[in-house]
Each structure stands twice: as structure tokens, then as C-alpha cells.
Amino acid sequence: MASNPGILSDWPWKHLGSFKYLILAPWAVHSIYSFLFKEESKRDLTNFFIFPFLLWRMLHNQIWISISRYRNAKGNNLLVDKSLQFEQVDREQSWDDQIILSGIISYLINTTVPGASHFPIWRTDGVILAILLHAGPVEFLYYWLHRALHHHYLYSRYHSHHHSSIITEPITSVVHPFSELIIYYMLFSITTMTLILTGTASLASIFGYFTYVDLMNNMGHCNFEFIPKWLFSLFPPLKFLMYTPSFHSLHHTQFQTNYCLFMPLYDYIYGTVDKFSGTLFEISLKKKEKVPHVVHLTHLTTLDSIYHLRLGLSSLASSPHTSKWYMWLMWPLTLLSTTLTWIYGRTFVVERNQFNMLTLQTWVIPKYSVQYFLRSHENSINDLIEQAILEAEKKGVKVLSLGLLNQGEELNGYGGVYVKRNPQLKIKVVDGNSLAAAIVLNSIPKGTTQVLLRGKITKVACAIAVDLCKQGIQVATLQQDEYMKLSKSLEMSSDNSLILSKSYSQKIWLVGDGLTEEEQLKVPKETLFIPYSQFPPKKFRKDCLYHSTPAMLIPTSLENVHSCENWLPRRVMSAGRVAGIVHALEGWNEHECGYTMSSMEKVWQASLQHGFQPLMFSNGPKY
């Protein structure tokens with residue numbers, strides 16, 4: 001909100017949350033019904049197209065959001081290279097309010113204003129008139145309104161809400177108090193209502209005008225420069241008719257310059273052009289892509305996980321991954337995105353962070369969790385991972401962490417296969433298993449004398465069992481095959497600490513993949529489940545505590561973190577991701593993958609020294 005919110009700052013449907021879209025439902029349903037069942041002569045194509053056009057506006061905005069975040073992750077041509085925070089993401093989640101408002105206004109005008117229905121598809125005179133009206137009165141009035149909004153009285157009550165975002169994103173352009181956006185729509189209505197009242201309106205001029213407004217709004221706030229310099233050299237007057245992302249970026253950093261809507265003409269006329277506009281434009285065009293020191297390599301999990309990526313829906317990406325009731329409505333788009341990721345078949349960048357002089361990036365393999373369990377996909381997955389490692393090596397990356405890609409010995413020998421195939425690698429490959437095991441060990445309550453280990457036996461499970469047995473803590477298993485695999489990892493002196501149990505009475509369960517609902521239902525109340533797997537178990541007991549998967553709370557100095565890593569809380573990173581960062585900070589000169597394990601204590605202490613902290617649970621059971 002603004003620093004001192006004025007009247008009508010809040011949106012009327014704020015309390016409705018996600019149900020705010022139902023406001024448009026009666027109009028949308030009536031529009032579709034009328035078009036399908038009325039006589040052909042009475043069908044209004046204008047009314048019918050309002051709802052699809054609103055969907056197009058949302059898609060158009062989302063495309064810009066994804067492109068902007070992708071370019072921010074790569075780092076080239078950036079305008080303001082500072083940290084984006086969760087606070088801004090939360091403040092800008094209501095960007096679609098203005099689309100709902102435009103829908104309400106469109107339906108009301110269509111049904112009440114004479115001449116606002118049954119538009120032809122195209123009228124040349126209407127298109128020309130729209131251009132003239134926007135370049136003249138709309139741009140002129142907006143310029144002076146904008147200057148008025150920067151007066152301290154209006155700024156503190158309204159416009160400061162928009163200017164809270166120094167690092168702009170495309171959606172920043174439409175994040176305003178309710179009353180301020182009403183004024184903007186009144187300005188835009190100069191164009192639309194004139195077309196309607198003069199009988200020159202068409203679908204192309206009305207819908208095209210608002211598409212132009214969205215395009216220029218998004219472009220001006222995208223935070224990267226992409227308009228080529230030759231365009232202004234070819235047609236010099238263009239600088240008066242079209243702003244650039246760098247031009248408007250200066251307004252958000254300097255506040256008292258570059259007031260124009262989309263056309264800098266009036267800034268030039270009234271002397272408010274920032275003197276650094278041309279310099280920033282040229283500098284930003286020359287900025288190269290940033291080479292990361294550390295790359296975290298991961299993959300998609302569920303089919304809808306693509307929406308939870310930083311490039312996806314910001315409202316979902318900024319919260320831990322959970323199922324949403326409305327996601328089933330998006331299944332056509334989900335199917336399309338799934339198909340595109342399979343066809344594209346290349347690793348892509350989704351995030352860039354900064355920590356202690358290190359540049360960090362997250363790359364995503366376009367494969368889903370289910371594909372890792374299909375033998376038909378093993379070769380393609382391994383090829384993609386190996387190609388990503390070699391690409392990182394070529395770029396000069398120091399450390400690559402495998403994260404979720406460390407699926408076990410069946411797929412890639414805990415990542416060791418890539419090092420064996422490429423012994424000349426200078427980049428260090430880290431699977432993070434040592435830190436994962438250390439996190440689990442340090443999550444076990446002090447004074448524990450017995451734990452039950454249940455799930456797929458991995459390198460992490462064996463390391464945990466060996467350490468616990470050395471401490472004299474009894475490790476129980478329920479299944480014979482798990483017992484046999486663990487016993488091979490233990491020294492003879494520790495044999496008595498590993499037992500095959502038929503009881504479910506243990507209060508500490510260390511769990512991996514394979515834990516069943518039936519087993520969870522048999523445990524006593526207040527049992528603590530601590531996952532050693534990278535995937536959390538499904539929760540079937542409300543009277544038990546489920547610890548997070550191996551992860552750590554990150555230092556406040558780790559910048560540009562404004563999305564959640566899968567199911568983890570805000571500002572929490574998985575063990576594999578943390579391990580890669582610590583490996584680079586410490587300058588360790590060996591791989592940590594395959595069947596080798598680094599010293600768990602060494603990795604744990606190094607993580608703590610660099611500011612990473614264990615997750616604390618205040619509502620857990622008492623031991």
C-alpha cells in the first residue's frame with residue numbers, strides 16, 4: 001500500500017481472494033449463452049469477444065512476466081541489477097485486478113451505451129482516430145496527471161504504492177490503488193468512447209488499443225533493454241513517439257524525470273527528460289550475460305510444477321508447492337506446456353542469485369519426476385544432464401550441484417557416471433548427499449536411543465545408519481532387504497546396533513521413498529518423521545510431526561530470492577543446492593558424487609559458518 005493510503009485505495013473485491021473472478025461469471029455466461037442460442041441477427045460479436053479478450057490480456061501479461069524473469073535470470077541487458085524481494089512479489093500479486101475492472105467496464109458500456117455493440121471487425125478511420133486521440137489528449141493529460149501524482153500529497157496517498165518497486169517487473173505497470181486506476185481508465189476512455197460515439201469503433205480499434213496499452217506498459221517495466229539502437233538511427237523522430245524500457249526505468253530510480261505514458265514527446269517539450277536516458281540505453285544494450293560461479297541443476301516434478309517455477313505464475317512460485325483447486329481448470333494449458341517442454345528438450349535458466357561475490361544460477365532439465373522411473377527415458381535424461389555439465393564447464397562455472405537429479409545408483413550412480421565419462425572436467429560436480437545426511441543427523445532430537453529407518457536404501461541412508469550406530473543409537477528396520485543392505489555398510493563392531501524390528505513403537509522415523517499409508521497409520525501419536533529423501537512423504541497423520549526434506553535456512557545476505565524451491569518454505573534451500581554453494585565458497589577441489597562421501601561434519605560446520613541455519617520446528621512433539 002501507499003505510505004499514507006487515501007480514500008478508495010483498496011480494491012472492492014479484495015476480501016474475495018481467488019473467488020474475485022466470479023464477479024465476471026454472470027456476464028461471461030450470459031454472453032456465451034446469447035451468442036450460441038440467439039437468432040443470428042441478434043448475436044453480438046462484440047459482447048461475445050469481451051471474455052476471450054480478457055483471457056488474452058492475462059496471457060499477454062503472463063508472457064511478458066515469464067520473458068522478463070528469464071532475462072533477469074540470464075542477466076544480460078539488465079537495467080537495475082538489484083535484489084527482488086518477497087515483499088514486492090506479494091504486493092504485486094493483485095495485478096489482475098485491473099483486468100477484472102476492465103471486464104466490468106466493458107460489459108457495462110456494451111449493454112448500456114448506444115452504439116457500443118455489434119462492432120465491425122475493422123474500420124480504417126477508427127484506427128487512425130484512435131492513434132491521433134492517444135498521441136494527443138491521452139498522452140498530454142496523462143503527463144500532467146502523472147506530475148500531479150508526484151506531488152507529496154497525492155504521492156504519499158496513492159502513487160507511492162506503484163513506486164515501492166524500484167526493480168520493476170511487467171506487472172508493476174498495473175499495480176496501483178483502486179481510485180488511481182479508475183482515473184487511468186477514464187483517460188483511456190477518451191479514445192474508446194470517442195470511437196463509440198462517432199460510430200467509428202471496430203473490434204480491431206478497441207481491442208487493439210488495449211493490447212497496445214498492455215504491450216507498452218509491460219515493455220516499459222520489463223527491466224531489460226532490447227529496443228535496437230539502429231531503429232532510432234533509421235527514424236530519429238521515433239524517440240518522441242516511443243519510450244524504451246531504459247527510459248521509464250529512470251523514472252523509477254530518479255522519480256522526478258521521464259513522466260510520459262508511452263510517448264516522450266511531452267517530456268521533451270517541458271524539459272523533464274532525464275539527462276542519463278541516452279547513456280543508460282546504450283550501456284544496457286552492451287551488458288553481457290552473467291557467467292555464474294555455481295549452477296544448481298534440477299528438474300520439474302509434477303505436471304503442474306512448471307507454474308511453480310520462477311518463470312511461471314508468481315503467486316504460485318512465491319509459495320511452497322501445494323495442490324490448488326483451480327489448477328484442474330488449466331489442464332489444456334498444462335498439457336500444452338508439458339508437450340512444449342518435451343519437444344524443446346533443452347536445459348533452461350530459471351533463477352539467478354547473488355551471495356558473497358558468487359553469482360548463482362538454477363537450471364532446469366525439461367523432464368518430470370515420473371520420467372525418472374521409466375527405463376525408456378534413462379538415456380535421454382542422462383544425456384541432458386551430461387550436456388548441461390559440459391555447457392557449464394564451457395562457460396567457466398566452478399561448481400554444479402545435481403539437486404533432484406541425484407536420483408540414485410540405478411540412473412547415474414549418484415552422478416558419478418558423468419565424472420567417469422569426462423575425467424578432464426574442471427567443474428566440480430556435487431550431489432549434496434553429505435550435507436543431506438548431516439542435516440538429518442542434526443534433526444534427530446538429543447537423547448534419542450533408537451530410530452526406525454524405513455524407505456529406499458540410498459547412499460544417504462547408509463551414511464546416516466553408519467553414523468548413528470557409531471554413536472550407539474540403535475537403528476531398526478522393518479523389511480529384510482533393507483536390513484541386509486544396511487548391514488553391508490556397517491562395520492562388524494556396530495552389528496548389534498542394527499536390528500530387524502516387527503514393532504512400530506519407535507517415535508523417530510527416518511523415511512525415504514516407499515513409506516506407505518498403512519505404515520504411517522500404525523505408528524504411535526507424536527511420532528516424528530524425518531525424510532532423508534529429497535521428496536517429502538505424503539502426510540496421513542495429523543497427530544504426528546513431519547520434518548522438512550533435507551534443507552537449510554539461507555542467510556539474509558543471499559540476494560534475489562523471491563520464489564520457493566518446490567515444497568520448501570520461503571528462503572529455504574535444499575541440501576544439494578546449499579552444498580554446491582558451500583563447495584564453491586570453501587574452494588574445495590574435489591567432486592562429491594558417485595559412491596564417495598565428504599566428511600559430514602566438515603560440510604555441516606562449513607555451512608553453519610557461512611550463515612546457513614538448520615530449520616527449527618516450534619510445534620513439534622516433546623521428547
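Cβ atoms here come from the backbone N, Cα and C positions, even for glycine.
Annotation comment: TrEMBL describes 18-36, 126-145, 182-210, 325-345 as transmembrane segment. The feature domain 'Fatty acid hydroxylase' is assigned by TrEMBL to 134-272. Sequence annotations record features per position, and here TrEMBL assigns domain 'Very-long-chain aldehyde decarbonylase CER1-like C-terminal' to 451-614.
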- What is the three-state DSSP composition of the domain 'Fatty acid hydroxylase' (134-272), stated as helix, strand and coil residue counts? 96 helix, 1 strand, 42 coil
- Message: Cβ under 8 Å, sequence separation of at least 6 from the ends of the transmembrane segment (18-36): give me the contacting residues as numbers and ranges.
- Response: 42-45, 47-48, 50-51, 54, 97, 100, 103-104, 107, 326
- Message: Over the span of the domain 'Fatty acid hydroxylase' (134-272), how high is the average pLDDT in this prediction?
- Response: 97
